[in-house]
Amino acid sequence: MAKMSTTHEEIALAGPDGIPAVDLRDLIDAQLYMPFPFERNPHASEAAAGVDHWLSTWGLTDDPAVAAMISCTRPAELAAFNGPDMDSGLLQIAANQIAYQFVFDDRAEDIGRHSPGRLLPMLSESVAILRDGQPPTTPLGAALADLHRQVQERCTPAQAARWAWNSREYVHGLLYEAVAQAHPAPVESGLCRSIRSLIAGVEPFYPLCEAAQRCELAPEELHHPAMRRLSRLSADAAVWIPDLFSAVKEQRAGGMINLALAYRRTHRCSLPAAVTLAVRHINSTIREFEDLYGEVRPELSPSGIGYVEGMAGWIRGCYFWSRTVPRYADTLTAPAGL
């Protein structure tokens, strides 16, 4: 891999037309490679209402702070951008899951910030539900059990099993994040990327992308090395893009597991320069995804093509959602200058 320069002279903080970026969002828009055009599911508004009802049913928005977070995060909008072709039922499951993961992630961050061990009851309950079908003991666990039920009713047994496996990996990743946050020494960029991959929470949605197809993928297609590589590339790109837009918020909160902030620590540069370096890394990832997909597409089944298009949808959707979601509004207040 070519060495990335971090000198002020070699990092251009302007768009291709040479017009200087005003704020970080301008900078990201100007430099990020996004080959996938904007799309939106027509059932977005119904999904948003469904999310509100589902969260209320399980008592997750009884806390005003959680209700405010959901309002600023717009989980149904993210689902609609990621899955523009999903039917209304599958879109609702995806939207519920996104909302759940935001609640779960924020709760885990609050609990484990200073003492990772305090996360163990919460994470153990989730693993017991996902792995063993154990009954929940908390409102958050009850919501997860219901989400698991929704997936089992809509997906094939194999798809539901993959969903549960990927979801357990996400749960385990949150403990890694808590340990990294509590560690006195900064996390180096390679380890940061590894932890970020674990807590991305994107791959649990890929079985839903498969469920949106006319039939299951054959095992040899689903587990082909190229398909596994496409899954990794798309999940990483999809979660790193929001890292660009959340960098200001995470920096103020003392966050460690963020791609842009990892570059800033490693290269001791300004946040705009770090964002530019992170964009370069993301661009190379998206291009590798695009090139590999182009190579294998002629060999894929129609369901395989739809499955990979679902992965691409996460790259596209996370970008267009991150640009305007109130959760990352700080991006508009941060100057793009070095």
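If you go along the chain as it appears here, the first residue is 1 and each next one adds 1.
Even glycines carry a Cβ here, placed using N, Cα and C.
Sequence-distant neighbours of Phe102 (site 'Plays a critical role in the stabilization of intermediate cation') (same chain, 6+ apart, CB under 8 A from its CB) are Met69, Ile70, Thr73, Pro75. Marked as site 'Plays a critical role in the stabilization of intermediate cation' by Swiss-Prot on the basis of similarity to another entry: Phe102.
Taking a C-beta cut-off of under 8 Å and a sequence gap of six or more, Asp105 (Mg(2+) 1 binding site) has these contacts in its own chain: Leu174, Ile199, Gly201. The Mg(2+) 1 binding site annotation in Swiss-Prot covers Asp105, Glu109.
What Swiss-Prot lists as motif 'DDXXE motif' is 105-109, and the listing cites a curator's inference. Through the fold, the motif 'DDXXE motif' (105-109) approaches residues 66, 69, 119, 122-123, 140, 174, 177-178, 181, 199, 201 of its own chain, all at least 6 residues removed from its boundaries and within a Cβ separation under 8 Å.
Under the heading site 'Plays a critical role for substrate recognition', Swiss-Prot lists Asp106 (among others), citing similarity to another entry as support. Listed in sequence order, Val66, Met69 are the same-chain residues six or more apart from Asp106 (site 'Plays a critical role for substrate recognition') with CB atoms under 8 A from its CB.
If you look up Swiss-Prot, you'll see Glu109 marked as Mg(2+) 2 binding site. Counting every protein chain shown, the Cβ of Glu109 (Mg(2+) 1 binding site) has 17 other Cβ atoms within 10 Å.
Taken from Swiss-Prot, the feature site 'Plays a critical role for substrate recognition' covers Glu177 (among others), and the record attributes it to similarity to another entry. Reduced to three states, the DSSP call for Glu177 (site 'Plays a critical role for substrate recognition') is helix. Sequence-distant contacts (6 or more apart, same chain, Cβ under 8 Å) of Glu177 (site 'Plays a critical role for substrate recognition') comprise Ala108, Glu109, Gly112, Ile195, Leu198, Ile199, Ile257.
For the recorded site, Arg327 (substrate binding site), the DSSP three-state label reads helix. The substrate binding site annotation in Swiss-Prot covers Arg196, Lys249, Arg327, Tyr328.
Note on Glu250 (Mg(2+) 3 binding site): other Cβ atoms within 10 Å of its Cβ, all shown chains, come to 17. DSSP classifies Glu250 (Mg(2+) 3 binding site) as helix under the three-state reduction. According to Swiss-Prot, the feature Mg(2+) 3 binding site maps to Ser246, Glu250, an assignment based on similarity to another entry.
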Helix, strand and coil totals (DSSP H, G, I; E, B; other) for the motif 'DDXXE motif' (105-109): 5 helix, 0 strand, 0 coil
Distance from Ser246 (Mg(2+) 3 binding site) back to Arg327 (substrate binding site), taken between C-alpha atoms, in Å: 8
C-alpha spacing of Tyr328 (substrate binding site) relative to Ser246 (Mg(2+) 3 binding site), in angstrom: 5
Listed in sequence order, residues with CB under 8 A of Tyr328 (substrate binding site) and six or more positions away: Pro242, Phe245, Ser246, Val248, Lys249, Ser322
